[in-house]
Amino acid sequence: VSCEDCPEHCSTQKAQAKCDNDKCVCEPI
């Protein structure tokens, strides 16, 4: 998942979107 789609991708998992080296990382809230 790209950074651009990260927020949408993570919100489905009730997680917070973070970007690491242009990769999507979801952090649990």
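Placement of Cβ uses the backbone N, Cα and C atoms for every residue, glycine included.
Recorded disulfide link (Swiss-Prot): Cys3 to Cys19, out of the candidates Cys19, Cys26.
Within the set Cys6, Cys10, the cysteine that Swiss-Prot bonds to Cys26 via a disulfide is Cys10.
According to its DSSP assignment, Cys24 (disulfide bond) is in a strand. Residue pair Cys26 (disulfide bond) / Cys6 (disulfide bond) shows a Cα separation of 8 Å.
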